[in-house]
Every structure is written in C-alpha cells, then in structure tokens.
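Student: Please read through the structure below; I'll follow up with questions.
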Amino acid sequence: MSVNVNRSVSDQFYRYKMPRLIAKVEGKGNGIKTVIVNMVDVAKALNRPPTYPTKYFGCELGAQTQFDVKNDRYIVNGSHEANKLQDMLDGFIKKFVLCPECENPETDLHVNPKKQTIGNSCKACGYRGMLDTHHKLCTFILKNPPENSDSGTGKKEKEKKNRKGKDKENGSVSSSETPPPPPPPNEINPPPHTMEEEEDDDWGEDTTEEAQRRRMDEISDHAKVLTLSDDLERTIEERVNILFDFVKKKKEEGVIDSSDKEIVAEAERLDVKAMGPLVLTEVLFNEKIREQIKKYRRHFLRFCHNNKKAQRYLLHGLECVVAMHQAQLISKIPHILKEMYDADLLEEEVIISWSEKASKKYVSKELAKEIRVKAEPFIKWLKEAEEESSGGEEEDEDENIEVVYSKAASVPKVETVKSDNKDDDIDIDAI
C-alpha cells in the first residue's frame with residue numbers, strides 16, 4: 001500500500017507516492033534488531049540513498065545502524081514498530097526531502113565536504129538554498145554525499161571522457177575489421193574531419209528545434225512549463241524584480257487600472273504571487289495612500305483574498321510606504337489600516353499577529369515599533385469588536401434556540417421573539 005510522500009497532504013490523487021514502511025523485528029535479548037525490509041523502495045521514491053533515512057532513525061532513536069548494501073538489508077538496533085518508524089520518516093522527509101518553498105519532494109542535495117555545506121535545489125519551483133547542518137545526520141551526509149552531488153563532478157567528467165574515448169575507438173575500428181597501423185613516434189595523426197563533425201553534431205543536437213521538440217515529448221507537462229520559462233530558474237529576488245518592472249511599465253503606459261488580471265497572471269507565472277502586494281505598494285502607493293486603496297482595491301484583492309501570506313506582505317509594503325512618506329503618514333496609520341480592513345484586504349488575525357512583533361527586515365526597528373504604537377487605537381478597537389462579535393454569536397445561538405422552540409408555541413410568542421431580535425440589533429450597533 002502506498003502513502004503520500006508529504007503526509008500532511010490528504011489528496012488521494014497526490015502525484016508523489018511512496019510505499020508504506022515495512023519493519024521486521026529479528027533476534028532476542030541484546031541482539032534484537034529491526035530490519036526495514038523495503039527501505040530501498042522507500043528511498044527510491046524519496047530520491048535519497050537508503051542509508052540516509054536509516055541513519056536518521058538511528059540518530060533520532062539513539063540506536064546503532066547497519067547497512068548491508070549487497071543484500072539490501074538496512075537495520076536499526078532494537079525493537080521498533082513500523083508505525084513509529086513511519087511517523088519518524090515524516091520528520092526526515094520534512095527536513096531533507098521537501099522543498100521549503102513549494103513543499104514538493106523534487107529536491108536534490110549538493111554536498112560540499114570542503115566547505116562543510118549541504119545545498120538544496122528544487123526541480124519543481126527553482127528554489128535554491130542551504131540546509132541547516134545542526135542535525136546529526138548532516139555529518140553522515142557530508143562524509144557520504146549522494147551520487148548526484150556536485151562533489152562527484154570530477155568523477156563524472158572522467159567517466160564522460162572515458163566514454164568519449166571509447167566511442168572514438170569504436171568508430172575507428174568499425175570502419176574496418178583490422179585497426180590501422182599506429183603512426184611513427186615522431187608523427188601526430190590528427191583525428192579525421194568526419195569525426196570532428198560528428199562530435200560537433202552531438203554537442204549541437206541539444207539546441208536544435210527538433211531535439212527540443214523530442215525532449216519536450218518525453219517530459220511531463222509540469223516540467224514543460226519549467227523548461228519553457230527560464231525565469232523560474234532565477235532567484236526569488238530576481239523574479240520579484242521582474243514583476244516590479246512589469247507593474248511599473250503598466251503604470252508608465254497608463255494602463256495600470258485595467259491590468260489587474262495581467263499582473264496576477266505574471267506573478268503566478270513567476271511563482272511569487274504571495275509577494276505581489278509588496279510590489280504593488282511600492283509602485284502604486286504614495287502619501288495619498290488612503291485614496292489609492294479605494295482606487296486599486298481590485299488589484300490587491302486578487303492577491304490578498306484568503307491569502308494570509310500575501311496580507312502579511314501587504315502590511316510590510318505599508319511599512320515601506322510610511323518610511324518614504326513618514327511626515328505625512330505616520331499619524332494616519334490607524335486610518336490606513338481601517339481603510340484596508342474595510343476593503344477586505346486584511347483579516348483581523350493577520351493584523352493582530354503583525355502588531356505583536358516588530359520586524360527590521362523592511363524598515364528600521366525603531367520605525368517598525370513606532371508604526372505599531374501608532375496603530376494601537378485600531379488594534380484595540382479590532383480586539384474589542386472581535387470580543388463583542390463572539391459574544392453576539394453566543395446570544396444569536398440562544399435566540400435561535402428560542403425561535404426553534406417557538407414554532408410549537410402560539411403566534412404571539414414568535415412575534416415577541418422577532419421584536420427582541422430587532423432590539424438586540426439596535427443595541428449592538430449602538431455599542
């Protein structure tokens with residue numbers, strides 16, 4: 001039976017599957033051990049050597065591990081249940097397999113033993129970063145890098161040269177049954193011109209339209225998108241800059257008002273949709289931000305609707321705008337937040353969470369704190385309104401119960417309940 005590689009995803013049609021871990025306990029007493037029967041298959045699904053998850057179990061359990069690569073036996077000392085190991089495998093997948101950006105298990109590890117670093121690159125979204133090497137398993141990985149690691153490039157080049165030499169030799173022998181006599185020692189026999197052309201053809205084949213079309217037929221639709229878009233191979237900062245130039249150009253051309261769909265499509269193409277509000281605030285907002293919130297509400301709503309991450313970037317963008325127009329905007333923070341809240345660009349939870357911690361990532365620490373101090377009246381109002389609404393919900397539940405029971409009662413009783421509801425509504429508005 002197969003399970004999702006990322007078990008936090010409950011979709012039964014999730015494309016990334018792996019076999020469920022099968023563990024077999026062998027031996028007795030001090031010699032008891034757990035053999036992971038299908039570790040090779042599990043590791044293949046994760047695109048990692050089978051020694052990595054086995055060693056991870058040993059690190060987490062404080063147990064010794066044994067690897068019998070020839071017989072495909074991977075052993076953890078002690079008695080351990082399969083379900084326990086399966087849950088522990090989720091930790092390994094999260095730390096060493098899933099991409100931190102898109103959470104897809106399409107990553108490769110790049111080990112540099114000299115610098116003692118382990119890089120991580122994602123083939124799905126183009127993410128590149130470094131792993132935290134504090135885990136004990138990282139020491140094992142640095143000593144035993146995977147075969148596809150950059151540390152093995154020298155070995156690969158040698159194999160490539162050897163292959164190339166063999167191809168030349170095979171080509172020269174195939175022309176006749178007996179090889180030609182060797183040239184005199186003082187003469188150098190250059191390779192025939194036809195062979196050079198063949199080699200050039202081999203190297204140039206990748207760039208021809210026919211070769212590209214043939215390769216495109218062999219790869220999946222998802223990989224097609226990545227291959228066709230070179231921009232996805234760039235860093236996040238470069239992709240955000242591309243989006244910034246795109247939005248700025250639309251504004252300069254005077255078509256920004258009707259370009260909301262195009263801007264969202266471009267952000268999705270670059271895989272930086274959550275950061276879209278940060279770009280929009282920089283291009284579209286100035287000291288007249290309160291008027292501009294209403295004018296460009298549709299643009300921001302396409303990014304921020306039901307997207308808390310995008311809403312957080314909108315708040316960070318607001319901080320940047322305040323930093324540029326501090327004299328005009330610092331006193332208007334509560335009103336600006338209220339405008340954004342009323343426009344459904346921000347949710348209560350996101351605003352309250354933002355107000356609790358000042359960050360110096362986008363503006364200075366002092367300004368970030370000052371902005372939050374100025375926002376306190378609105379935050380206080382927001383919290384009080386939330387408490388009142390929760391209290392009102394409880395009252396509504398009681399009223400609903402009254403109405404349900406009043407169906408069995410006489411008509412005058414139902415009318416009385418309705419009149420009470422109206423009075424309650426008036427009281428809530430007054431509050």
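Cβ atoms are placed via backbone N, Cα and C, with glycine included.
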Student: Going by Swiss-Prot alone, which of Lys115, Lys360, Lys418, Lys422 is annotated as SUMO2 cross-link?
Tutor: Lys418
Student: With Swiss-Prot open, pick whichever of Ser79, Ser121, Ser229 is annotated phosphoserine.
Tutor: Ser229
Student: Report which of Ser331, Ser364, Ser410 appears in Swiss-Prot with the annotation phosphoserine.
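Tutor: Comparing Ser331, Ser364, Ser410 with the record, Swiss-Prot tags Ser410 as phosphoserine.
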Student: Pick from Lys273, Lys288, Lys383, Lys413: which does Swiss-Prot describe as SUMO2 cross-link?
Tutor: Lys413
Student: Check the candidates Ser220, Ser258, Ser389 against Swiss-Prot and report the one noted as phosphoserine.
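Tutor: When Swiss-Prot is consulted, phosphoserine appears for Ser389.
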Student: Hey, which of Thr34, Thr139, Thr227 does Swiss-Prot call phosphothreonine?
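Tutor: The candidate carrying the phosphothreonine note in Swiss-Prot is Thr227.
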Student: Within 10 Å of the Cβ of Arg15 (site 'Arginine finger'), how many other Cβ atoms can be counted across all chains shown?
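Tutor: Around the Cβ of Arg15 (site 'Arginine finger'), 11 other Cβ atoms lie within 10 Å.
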